[in-house]
Amino acid sequence: MRRIAVFASGNGTNAQAIIDQAKSGVLECEVVLVVSDKPNAFALTRAKNAGIDTFSFKPSDFKNKESYESELVQKLKEKNVQLIALAGYMRLIGPTLLQAFEGRIVNIHPSLLPQFPGLDAIGQAMNAGVRETGVTIHLVDSGMDTGPIIAQEKVLVDQDDTIETLTTKIQAVEHRLYPATLREWAESVELEGVMSK
Ligand code: GAR
């Protein structure tokens, strides 16, 4: 069973969906750690309620990204984490973490990438007046919401949609698509040798 860490900066509804599907056995992975760059993130409360270890840090307490990512890598190794799922983790991954987990970090983004990367993707789609947007799950590289796409699903934008109604529709897709995609991806990732790095 693959050991996963979930990273979240906020509410953590996607983290919850992953935790629930892992607990029920549909997603054949164990969520061994929930990480947040916001010590007050509700995602951490969700993890504690599920009996999952957490690790949080304040980036401003560190001199740079490399120093907090080094600590993070140490913690991930201590917990024998094999794969990382970013679920609303609103920070770029730097070279320290990327090199330690090369090809083993995925992200979810609420748009049909490469459209609308970055912050407020749903607001960007509304402002652009598109008729369809969606959800993308992709491998993480050093860019912002770039990296090879693993799964994508469209969501139609209705004329009377508001940010709230569109967000609800997109999140419903996210909560189904992320655990389902993780299930297949986790099985397929080559792990040989990586844990001894
Ligand atoms: C999700 O919609 C996720 O796709 C988005 O943040 C939200 C987190 O919600 N991620 C990004 O925008 C990444 N660039 P959650 O905390 O309820 O899971």
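Each residue's number is its place along the chain shown, starting with 1.
Using N, Cα and C of the backbone, Cβ positions are placed for all residues, glycine too.
As given in TrEMBL:
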type	residues	note
DOMAIN	3-181	domain 'Formyl transferase N-terminal'
BINDING	G12, T13, N14	N(1)-(5-phospho-beta-D-ribosyl)glycinamide binding site
BINDING	K65, M90, R91, L92, I93, N107	(6R)-10-formyltetrahydrofolate binding site
ACT_SITE	H109	active site, proton donor
SITE	D145	site 'Raises pKa of active site His'
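Working note on the recorded positions K65, R91, H109: by count of other C-beta atoms within 10 Å of each C-beta, H109 ranks first. Between D145 (site 'Raises pKa of active site His') and T13 (N(1)-(5-phospho-beta-D-ribosyl)glycinamide binding site), the C-alpha separation comes to 19 Å. Same-chain neighbours of the N(1)-(5-phospho-beta-D-ribosyl)glycinamide site beyond G12, T13, N14, judged by a C-beta within 8 angstroms of the site's C-beta center, are, in sequence order, A8, G10, N11, A15, Q16, A17, A43, R46, A87, G88, H175. Among K65, M90, R91, L92, I93, N107, the residues given in the record as binding (6R)-10-formyltetrahydrofolate, the maximal Cα to Cα distance rounds to 19 Å. If you take the Cα of M90 ((6R)-10-formyltetrahydrofolate binding site) and the Cα of N14 (N(1)-(5-phospho-beta-D-ribosyl)glycinamide binding site), they are about 13 angstrom apart, rounded to a whole number. L92 ((6R)-10-formyltetrahydrofolate binding site) sits 20 Å from T13 (N(1)-(5-phospho-beta-D-ribosyl)glycinamide binding site), taking the CA atoms of both as reference points. Residues from the recorded positions list (G12, T13, K65, R91, H109, D145) with a C-beta closer than 6 Å to any atom of ligand 1: G12, T13, H109, D145. For the pair I93 ((6R)-10-formyltetrahydrofolate binding site) and G12 (N(1)-(5-phospho-beta-D-ribosyl)glycinamide binding site), the Cα-Cα distance reads 18 Å. Around the Cβ of L92 ((6R)-10-formyltetrahydrofolate binding site), the number of neighbouring Cβ atoms within 10 Å comes to 13. Non-local contacts of N107 ((6R)-10-formyltetrahydrofolate binding site) by the CB criterion (under 8 A, 6+ apart in sequence, same chain) comprise A85, L86, Y89, I137, H138, L139, V140, D145, G147.
The Cα atom of N14 (N(1)-(5-phospho-beta-D-ribosyl)glycinamide binding site) lies nearest to that of H109, taking the recorded positions K65, R91, H109 as the candidates.
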